[in-house]
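Everything below concerns the one structure shown next.
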Amino acid sequence: MASHALILLQIIVLSSLAATAFSLSPYYYKNICPQALPTIKTLVEAAVYKERRMGASLLRLHFHDCFVNGCDASILLDPSPTIDSEKGALANQNSARGFEVIDEIKAEVDKICGRPVVSCADILAVAARDSVVALGGPSWKVRLGRRDSTTASRTQADIDIPSPLMDLPALINNFRNQGLNQRDLVALSGGHTIGFAQCLAFRGRIYNATNIDPSFAKERRATCPRTGGDTTLAPLDSTAARFDTAYFNSLVKQRGLLTSDQALFSGGSTDNLVNTYRLYPQVFRKDFAQSMIKMGNIKSLTGNQGQIRANCRMVKN
């Protein structure tokens with residue numbers, strides 16, 4: 001009996017050690033390459049200084065990466081005979097951007113570290129955090145140690161990345177499938193406090209929706225006609241280059257740009273959260289940071305899983 005108990009204890013300890021060895025940690029690169037994170041920060045700040053919109057683009061890359069089979073940099077892989085590139089998915093085609101910034105960061109980090117030790121997946125996660133900070137948003141300790149995928153799935157991207165046309169039940173279900181709750185949904189949607197959307201994504205709302213401020217609809221129609229102009233951009237809120245709570249204020253005024261934005265304040269279960277974030281910016285900032293950490297943990301590859309790519313756009317042979 002004592003022997004059985006001892007064996008059981010050993011199994012528990014070994015399991016615990018294995019989990020610890022392969023779990024993500026903010027300090028993963030502390031000894032491996034201490035200059036990795038400062039290098040990423042410097043290059044992200046330079047990219048955002050050059051073009052404020054880039055901050056939102058880098059945040060979106062991380063989001064779209066994590067929602068498709070986890071945060072594994074699969075979104076960065078170019079099409080090839082063996083890669084069904086997620087860049088061709090409906091949510092990414094002619095829309096996802098910032099790939100050249102990630103390439104530049106990867107090259108510089110590998111140079112500083114002396115070899116490819118920082119994964120493209122970790123670069124995406126850190127670049128998203130540094131982009132938010134550069135635009136006035138909160139900071140958080142990014143958990144690190146992800147490895148890069150050797151596959152991609154455009155089909156899965158079309159299924160898993162939330163559509164701008166989704167209503168509240170669809171959004172709740174979409175996030176639940178990723179292990180995220182309604183608080184995460186509203187907090188992470190608050191990332192739309194920065195950036196722009198294409199006319200194609202909001203045309204139906206500004207011409208057909210009833211839960212929209214008429215003057216706002218008229219304003220948006222001026223640059224988004226019923227036909228043509230699909231890629232014309234409009235800001236997601238009134239301060240698209242600053243991380244603040246203007247996004248939530250716009251929802252209360254029925255000035256949400258996307259159907260999926262306004263769905264968060266439409267008489268449903270998330271109305272109270274929208275009001276909370278609108279009235280208490282510090283609560284939004286705290287919840288956004290926590291939800292980003294939570295999202296960054298989705299199905300991460302660790303240990304001997306996946307690989308560390310030398311080029312973020314292709315699998316290492």
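Using the three backbone atoms N, Cα and C, a Cβ is placed for every residue, glycine included.
The site 'Transition state stabilizer' feature in TrEMBL is assigned to Arg60. For Arg60 (site 'Transition state stabilizer'), applying a Cβ distance below 8 Å and a minimum sequence separation of six or more within one chain yields Ala96, Gly98, Gly191, Gly195.
Here TrEMBL flags His64 as active site, proton acceptor. Its own atom aside, the Cβ of His64 (active site, proton acceptor) has 23 Cβ atoms within 10 angstroms in the protein chains shown.
Non-local contacts of Pro162 (substrate binding site) by the CB criterion (under 8 A, 6+ apart in sequence, same chain) comprise Phe67, Ala170, Leu171, Asn174, Phe175, Ser260. Summarising the annotation, TrEMBL assigns substrate binding site to Pro162.
Around the Cβ of Asp237 (Ca(2+) 2 binding site), the number of neighbouring Cβ atoms within 10 Å comes to 23. As annotated by TrEMBL, Ca(2+) 2 binding site applies to Thr193, Asp237, Asp244.
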Neighbourhood of Asp244 (Ca(2+) 2 binding site), C-beta criterion under 8 angstroms, separation at least six: Gly136, Thr193, Pro281
C-alpha spacing of His64 (active site, proton acceptor) relative to Asp237 (Ca(2+) 2 binding site), in angstrom: 20
Additional residues around Ca(2+) 2, ordered along the sequence, whose Cβ is within 8 Å of the centroid of Thr193, Asp237, Asp244: Gly190, His192, Ile194, Leu236, Ser238, Thr239, Ala240, Arg242, Phe243, Thr245, Ala246, Tyr247, Phe248, Ser250
